[in-house]
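For 21-422, the entry in TrEMBL reads domain 'Citrate transporter-like'. Residues or ranges marked as transmembrane segment in TrEMBL: 9-33, 45-67, 168-192, 283-314, 326-345, 365-392, 412-436, 456-474.
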């Protein structure tokens, strides 16, 4: 494809550059949202939005919200501390739980939910947090590579390539399993001495967190206020000489009302307990049904949307609180990204660059796979992984299809594997890394800052080794 008209090349490049800055550095102020004015028509912009991808993304987010409400991630958190045999065992557990949860419930969701668990467990064992945070983020990225619902770029690849859920899983699973194990081994080797020394030698606090504290990162405002009221009542009751008679009477009245409410709650609790258990069971069964339907090859978008609607109906409550947790900004971001990338494609720049690279990036040769992987790795860290998939996907697949149908499928899976694992290279490489960093920094009483360089010195060797090993196992 030749270059488009000069003004289209300029406008399309400017729009894509603005989009890239906003995508990679969302905190940049005073920048307008990029648009592809003059490069594509409004009808072409609307046609560029891939509705099946948006439907699949929306459905999986809703299912994840209900799974969180059903305490799925709480149970996964308990696995992290159950009968732990030391720091190295914890690293392996975190890698395993993070990879499994990311395979089926997206890497971003796993990192949002599990970061505080990991911080609390590190504190419980008086260990430095950063090896465990690195284990969480890197394993979430690697684990998410195995399925179309593991991360956004895989959603794009699955819809555009029409590879079934089962074929996708079988093609990437061996690379994910071996790559995840190697990643855990690299972590243990790099931080062997650090994991062998308890942190209490540094700070001398040695404070231990109870199991209940580790197993739950969420709290109920009602529960908190009840505890506060009880603590205040006990405190006042311990100093009866400091209160007057009217206040004592008021406290007696309040205590009687609380006791009456507790008795009523106790009377209702067996029914509510079983009702809650049945609802959780329904959530798990619907999720399993969705996964079975995906493995059977049913339409992924409609399957996810149907599962989300079933959960809304089975909840028998106002769905607004759950639906408010869906990241609509991410859906809008995808719409803008589809339009911007389509406009950039219209400039002819991506096609010209690919025509230069194509003879050296054929997937039927080892050297070609290495060149293709290097290009994907570089672009995924410069332009982000989803735009990389949108820009390269069709071109890589078309080039491989000219060789054979099996090579086309292999090319899509290579793109999925490398663009996902590339997120481990640096702290800015994937949203999952940034989520772990930000959640760890803002965690109440547990705050920890994961620095860019701490991540980079682990991320570079891990990414290069895991990517190379995985490429030999893609089928």
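Placed from the backbone N, Cα and C atoms, the Cβ positions cover glycine too.
Please treat TrEMBL annotations as automatic predictions, because they have not gone through curation.
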Query - Local confidence of the prediction over the domain 'Citrate transporter-like' (21-422), expressed as mean pLDDT - result: 77
Query raised in the report: Is the count of Cβ pairs under 8 Å between the transmembrane segment (412-436) and the transmembrane segment (326-345), pairs 6 or more apart in sequence, 3 or more?
Result: no
**Report entry** Long-range environment of the transmembrane segment (365-392) - Cβ separation under 8 angstroms, sequence gap at least 6
**Finding:** 19-20, 23-24, 151-153, 156-157, 334, 337-338, 341, 344-345, 350, 354, 357, 411, 414-416, 418-420, 422-423, 425-426, 428-430, 463, 467, 471
Query raised in the report: Is the transmembrane segment (45-67) close to the transmembrane segment (456-474), in the sense of at least 3 CB pairs under 8 angstroms with a sequence gap of 6 or more?
Result: no
**Report entry** Contact check, the transmembrane segment (326-345) vs the transmembrane segment (168-192), 3+ Cβ pairs under 8 Å, seq sep 6+
**Finding:** no
